Amino acid sequence: MTLCQWFLLVAFIPMTSGANPGVKVKLTEKGLEYGRQLGMVSIQQKLKSIKVPDFSGSQRVSPIGKVKYSLSNMHIVTVGLPQSAVNLVQGTGIRLSISNAFISLRGNWKVKYLRIIKDSGSFDLNVKGLTIGTSIAIKSDETGRPAVSNVNCGATVSSASVKFHGGASWLYNLFRKFIDKALRSAMQKQMCPLVANVISDLNPQLKTLNVLAKVDQYAEIEYSMVSSPIVSNSSIDFSLKGEFYNIGKHQEPPFSPSAFSLPPQINNMLYIGMSAFTANSAAFVYNKAGALHLFVTDDMIPQSSPIRLNTRTFGAFIPQIAKRFPGLMMKLLVQTVKPPVTTFEPNNLTVQASSTVTAYAIQPNTTLSPLFVLNLETSVSAQVFVRGMRLAGAVTLNKMTLTLRISYVGEFQVRSLDSILQLVLKVVVIPRLNVQLAKGYPLPALGKMKLVNTQLEVLKDYMLIGTDVQFTG
């Protein structure tokens, strides 16, 4: 994991409106600690790339007189970051500090003195007590994606010790303190620009955050940020829009998200709260797109079933059908009349759907003759689960209620069709719905993040995903 991937965890910080979110994300101290450990690897790699410029000068050394010197080809040999910390500054942002770091360099030296005498050799530089502290500001760009900047930085080097080898190294040792000071100053000046570059390099990576993620041919979900984060001493809470839209057409539903709060859990690195609003906005989108309908034909019914979609089977319950349309196959159109409604209660997720069932007789020339239209009220229980970086689910039928809407074949007892419609729902409609639900929809994607040790709990008005994370690549 690189430092930029870690900042993807903490960079959901907007400066937009204060509307209630559909999704909330909490980053805990455990998540920050994981990021600190892996982020230091990235900073250490950056420190190894420090380029200390060549420098030269002259110094009067008794009794020789004026000595001209130069130090060149300095390169990093080792870097150590034994102590580091990331702290949340309540109401502000993040403070990164590194202490007692050390760096070893190697380079070449040259001298000229008494006008004609030249010499050269190598040297080792050990920098100890390196301390770096920086504050990081995180804001939203114009697309709702995060952008980071270095607010302030300070760096100090407590000591720099030089050891010269070869040639007239004894001569350098006569003014080592001067060289030590010059090299310490050169190293110190490198630190904050390096940190600023590390932070600036995060922004192209942050642009990859999926604030608008495609779900399928009908829908996309928006995860842009709707308010500034709440930064406490132990976590950062982020508010995301969490709303489904028809692809390319963002129409708001006739309802708004309700306020909800995540519980003060800290066992996982990350908590994601998905509200009922998010699920209901999906229902609004799919209903508006005309995707919540299905034609049911006889070949969808298991061959072992005695119930067939033909006028003979239905004629046993509604004699008029067998008399007026003898020996014909039938087709049922099941479609919602309004968006289904999802309700979250503790350990219970239910969906209420209002639909119609239109029955047709299929004439020999394939013309459809309408027979009747039923009102179908269904309640299903849903199980939800995380699969990869997607939230998926499956439903089972709780109950259904049928009433007559329109009949083209005269009066009949609707309850007589209960067994047929139960079969249609259980063996055709719900299995096909579950195939789509199993595909799931994208969760907020934070770089190349993998969720591990994931737990999901249904609470009042929202579901809570608690998870640890791993980064790859």
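The count begins at 1 with the first shown residue.
Here the Cβ of each residue, glycine as well, is placed from N, Cα and C on the backbone.
For 1-18, the entry in TrEMBL reads signal peptide.
Annotated domain 'Lipid-binding serum glycoprotein N-terminal' per TrEMBL: 26-249, in sequence order. The average pLDDT the prediction assigns to the domain 'Lipid-binding serum glycoprotein N-terminal' (26-249) is 83.
Around Cys192 (disulfide bond), taking its Cβ as the centre, 17 other Cβ atoms fall within 10 Å, counting all chains. According to TrEMBL, the feature disulfide bond maps to Cys153-Cys192.
Positions annotated as domain 'Lipid-binding serum glycoprotein C-terminal' by TrEMBL: 264-467.
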Which same-chain residues, if any, lie at least 6 apart from Cys153 (disulfide bond) yet have Cβ under 8 Å of it: Ile132, Gly133, Thr134, Ser135, Met191, Cys192, Val195, Ala196
